[in-house]
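Engineer: Heads up, here are the entries from TrEMBL:
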COMPBIAS  1-18  compositional bias 'Basic residues'
COMPBIAS  94-108  compositional bias 'Basic residues'
COMPBIAS  1235-1246  compositional bias 'Low complexity'
DOMAIN    132-234  domain 'S1 motif'
DOMAIN    250-321  domain 'S1 motif'
DOMAIN    343-417  domain 'S1 motif'
DOMAIN    445-520  domain 'S1 motif'
DOMAIN    537-606  domain 'S1 motif'
DOMAIN    626-695  domain 'S1 motif'
DOMAIN    786-855  domain 'S1 motif'
DOMAIN    892-954  domain 'S1 motif'
DOMAIN    1078-1148  domain 'S1 motif'
REGION    1-114  region 'Disordered'
REGION    1234-1264  region 'Disordered'
REPEAT    1402-1435  repeat 'TPR'
Amino acid sequence: MNTKGGKKTVKKAVKGKVKSNGAGTDLSAKGDLATRVNAKTDKKRKRPKENSIVDNSATVSASEEIDFPRGGSIVQKPIKDEQDEMQESTESPKKKRKHSNTSKHAKQASKDEINRAMRPVEILTFNKLTVGTCLLGQIQQIDDIELTVSLPNQLIGYVPITQISSAISRAVETAANADSDDEMSDESNSPLPDLRNLFAVGQWVRCAVLGKEGGNNDNVKDKRKKRRVELSLNPEIVNNGIVVDDLVKGMILSAVVDSVEDHGYILSFGFNGVNGFLHDKDAKNYILERNNNQRLIVGQLLTVSVLKVNDDRRTVKVTINPKIISSSLISDAVSNIASLTPGNLVDVLITEIHANGLIGKIMGFFDGIINWFHVGEKFVTGLKDLESKFKPNMKIRARVIYTMFSNTEKKIGLSAADHVKSLGLSKLNDTATSVKPMTDAFPIGAIFEKVVVKRVDSKSGLVVEIENLAIAGYVQKSQISDEPIASRPANSGKFNIDSTHRARVVGYSMVDGLLQLSLRESVLKQSFLRHEDIQVGQVVKGTVRNLIPSGVIVSLAENITALAPTLHLSDVKLTHPELKFKPQDTVKCRVLVTNPSDKRVLVTLKKALVNSNFPIITSLADAKEGLITHAVITGMNRAGCFVTFYNSFSTFVPVAECSETFVNDVSEKFSIGQTIKCRVMSVDQEKKLLKITQGKVVSKKSNTLILSLQPSQSRAVLHQSHLSDHIGSHAQQLFDSIKVGDDLHDIVVIGTNKTKNAVYVSKKPMLVRACKEGKLPEKLEDVNIGDFVVGYVKLVTDFKVVVRFLGDFEGVAMRHTIADQYIATPIGLFHPFQTVIGRITGIDTERGKLELTLKPSETPISSIPYISEDDFIKSYFAEIPQPSFAKFIQIGRKVKAKVIQITEDAWNVEMKNSVNGIVRKEQTGGAVVNIGDVVDAIVLDVDGTENTVYLSTRTELLESADNDKENRTKLYKNLKSLAKDGIPIDAIVELVKEDYVILSLPDHSYQLTFAPLKSYNQRSKPLFRVKPLLKIQTKVIHVPKPKKKSLDRGISLIHSTPSDSTAKNENSLLTLKDFKEGQKVMGTVTGVEKYGVFINIDNSKVAGLCHISKISDDFVKDVSKLFSVGQKLKTCILNIDREKEKIFFGLKQSYFEDEENADIEDTVGEILDSNTSKPDNGLCLELDSDTEMFPSQSVPMAIEDDPKISSVFTNEDITPLPLSDSWNWINVDDGNRQSNINSDNDSLSDATDDDGSPKKKKKKKKNLIEAKDITEDISKRKPESNADFERLLLGSPNSSYMWINYMAHQLNLSEIDKAREIAERALKTINYREEQEKMNVWTAFMNLENTFGTEETFEQVFKRALQSCDPKQTYFVRAEIYEQSEKSELAEQTYKTMLKKFSQSSKVWTRAGLFYMLQGKLETARDLLQRSLKSLPKHKHVKTISKFAQIEFKHGEPERGRTIFEGVMTTYPKRIDLWSIYIDMEIKVGDKAAVRRLFQRVTSIKFSSKKMKFMFKKWLMFEKTHGTEDDVEEVKNKAKDYVEGLGSLKQDE
């Protein structure tokens, strides 16, 4: 069958079909043997026709419908064959009588031989395939969204991209959604998985049949459909049915990479409860040989061999080493036949030998069949051949190639072919040293001049020998001759044994090791069999098939059609083309366009083009100056006309070049579709393509502009993010300012989408400049290692950043090459469409991609010659919209301002023309003003987005404001000289904005300057940290020319970058001789490796290693999770080798115990180490029936007075420990913290145990006292620096309590991004077993994003938390965060989602009811009770009703709560716990009479003495608190009466 498969259409089958279901049934073996037995008397048999097939093998057709029951019992032949046999036997009665007189021995022998032939080995056919059949296949072709798989017995199957693994299916769905949501699909950050990177031609795979199309099983209407077998590779389907207990060493399985770990991979087999582990060493050979030396990725499909099964049978150790897999043999028998899946190598005991195969036993239990295709011999001519090579009871080794299990039959197909057993490729030549796929060695259409017939299957086809090849060829019956072939066997004919013929390759069967050939003359004469064989410009003959509105369909070959578009039907316009072109007419045409991947061919019928002798132009490379050729006019406008050549290559002809005479309107002289002769005037060989262009906006969508490019009129898409090199609001502001009809200049073409017929363009200034300079690469040949390149971010994942340049040319920066310090993930640091500068560190020629580094230290702006250092800040200000008052408000000028409002942090002022301004507190200079005062102020900055002016009233700035023209000119010259020499100067920070800082130069008349806080490769956090009025050093890099009034930045002035103001003189730095062993020093981490960290001692030239064994007293698994480059820490010098000039450090806390003047952080570390109990890392309370169910307020983390920061870490169920300003380490103790919180609960808990544990409490108290003594001098101190927290985290890496406080510390410093990084570190560091600790961090992380992030970032964190934590608990956290931040709509939506997802949870219903009750939606809350009872299990009804009653008491109507409780108590009067809750609710309402009535009712019911004691005690406590002495006495009397009643009852008994 044909192997070519399209991506989106049903694949075409080979020209010759495999016959089935009787119509193609081969002559039965029984008939053949009967013929041989009576050969002597059958003299009147007619000779066959010339083209009849001689059948000497008695082979059963590949399409014969025969069942193969288990046990090898005889199978009844099809009825048609039996009738044929009867006709033969009655043809000559005399001969039959003569035969009947033969000896009994001969008769019995003939009977046995006939019976053996009547039970042939079954051949798998298309019609016998059933859904669920598992097969072993070989990948034959790889397309974008589909795999073509060769199956046994010349079958072909197709695997869609969504049937490989669940992870790939999710990626496809994401890409599809991105494509539908965003028209600029090529720029989507969710690319389609590349199957060519995951699979290879010739790779063996295990697959299962999902469905079939075509064949005799379909309806009559669908019989014309091409046969198609739909397959799945997903292990969930392929491994279905395997019994876990049958997993043994040597078994072959399909698996998918589930996750990538430090030392290997976690694999999924598709059945619950069992995972596989693949160690790196077991994957090394496969990665090197089969995976382009690239690490495996999540979702990648693997064929694995079991190495070991753990005793609990939950973890299986596997290998993917190709050599081990090819030789793996199942070590033990399986208990279930379904566990014997394709791909497994087994030993087979031959039990029967037949003319077309073998039957044998597997593991002594199961029957397997080996048809003649797979017996391991090149040619099998018949029974004698097999009997000469195989004997009964012989043991051979074979591989399972298919299994068909149903209720009626169970079939196992085997192969003993060498290439199948070795899981390799068929050896094409006996002398070949290397093996390559037959698809590469013999392309479709290849012709063999001589093939020899070696076997005849009269109803199926021929087996032929190909000269000098080790593989055979197979000619299906439909491909033997163009003339009808007789279906009966004969002794002679054109295609008899040893006859020779010419043959042509029409397909492949890689699993069978066969070339599919055709002997038909019509096929041999065809010019091409594939779309790939058709060349643009080729003149061909075709046959008109039919006419359609868009043109004429022309048949070029048996399975190849082309379209002649309407414009190309004739040199003149045809009004009635149906009169000229009729079906079956032969036409001469010329190929215009070919697209083999889409199987699309366009031809022209224009005689001017068909008969043209001029050279053709298919691309710019074919165009030469002065070349004369033919073209077709496809468009016109006032400026000229558009002409199209071959292969859709087009250009524009200006109106001046259209004619030698003046042409006013080209439409008067030319027409669309006209064939013209033209000359090439000039060719731009440097640009190769029209990359820089201009266009007009024709429409505007939500985030894209649709352009019409000039002059080609091509449709182009411009995404709003491609309008600017800056991210955020810049692009949106530019997008909003563009209107339909605007002309956009300097646009660079960055890609195309042929399916949408669209061009994608960018207006990013950096990309445009790079393109103009010829520095925007398009292919590997354009770059070298070490080059600096400009591109834009296409995709950001957890491990890498993908950077795109022109077209599909990309580069990849892995996680360790994108920042100068350690980062957990690039997500959040880089953003899609962000402009970046990269340096090429490697070139992957196989995958056609670059390896990049994006580290700011390695990619300075100065490395790009066509970009100046001030471009970033200049373009930033240039893109900010100018406010209306900018023309009379100038930066650096003095203005009058009236104070209209005074706040704690600033003055709000008003200037002329009602312009508003702000004077921040630090810029007031300490002046005291009143509302209405008019003050002098200096303009610091103008914010166009906020329409606000930032001012300063500081005296030094006001005094320097009145510079005349001469002073300004002198100042300009001085600053220009400083910029040229690069001399650092002092500066004072005046104003800090998000992306830039405003400075003044005190030594230069307090001139205002601007310095960027961000760069192209560092957008998420500032380049340096400053605060107002801080004095720093800067370096001037650009000085604009002075304007008439002042140095104006046009909104920008002088651009500065901070330089190191703390640099020391090289001679003053300490050296190795200045240190000694045991000395404690401060240092900076300069490198982090697996074996330790490198530390540089501050203010010195000395650096050394702290080995991983010297980092902590506890075991350290991953150093990178504890340290990052640039981190400050205190270390101890352990050893100094002065001869080799090496120094070694230690960070263990035990090294600092003897230090006399230890820092606080070291003392704290000792305290933590001395504590046997680990600090609790967050609190989770489970409330019982008597506990107050819904606390009115969660406990905030009050680290500082800032409410915005403290509100980040709050949760009802997971409450971090409150921190007071006095840092008391004793409060970290678990027991103390729990008791403090539990003391707030005023309700009775059934779980309360009066009997304490004196010994434990005494010991705990002793430990607390000792801790207090040790830390007496620091009990009022708390960690104040990053180093303090890092030191503490070394001792308690799993403490969420410590991590959360570290995050809060960063938030107090306004380091939001740093807080995010700490959260990411915490999630990666905390052990996976510490589920509650991780939940605490996730809660803090979500609170952080809710307060400081966006809805998108919050949603991202929430989705990640769902994957790591309990989903219900995570949803509760989300709902409460929304409630506390007063986002009621989002909270309500969350509860609605929870009610659907967790409808079986009573807690979800009650929490939702409480929410609606607090929102004032009483009826909605009450409706939930009825809804909950319909969804919840019955055993949860009482609890739910009780809690809804409590909600009514507290937040609704107490009377309704009483009604609910009364209904419950009527049904469950013996539930003492419910009575207790009911009473507690009434006590809180304050109705004493109602409470007493309830006590009286309860005590009148007969309970156990223990329960009665509890209730009397509760009543007594109530009366002592709320009643009188008489009431107390009354309760005591009732209790006495009850006790006396019990006593009398005992006496009676």
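Note: Cβ is positioned from N, Cα and C throughout, glycine not excepted.
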Engineer: Same chain, outside the repeat 'TPR' (1402-1435) by at least 6, Cβ under 8 Å from its Cβ: which residues?
Structural biologist: 1189-1190, 1368, 1372, 1375, 1379, 1384, 1387-1388, 1391, 1394-1395, 1441, 1443-1444, 1447-1448, 1451-1453, 1456
Engineer: By DSSP, what is the split of the domain 'S1 motif' (445-520) into helix, strand and coil residues?
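Structural biologist: Split into helix, strand and coil, the domain 'S1 motif' (445-520) gives 3 helix, 37 strand, 36 coil.
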Engineer: Among 250-321, 786-855, 892-954, point out the range having the most Cβ pairs under 8 angstroms from the domain 'S1 motif' (1078-1148).
Structural biologist: 786-855
Engineer: On the DSSP side of things, how many residues of the domain 'S1 motif' (537-606) fall into helix, strand and coil, could you say?
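Structural biologist: Tallied per class, the domain 'S1 motif' (537-606) gives 10 helix, 38 strand, 22 coil.
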Engineer: Within the domain 'S1 motif' (250-321), how many residues are helix, strand or coil going by DSSP?
Structural biologist: 11 helix, 33 strand, 28 coil
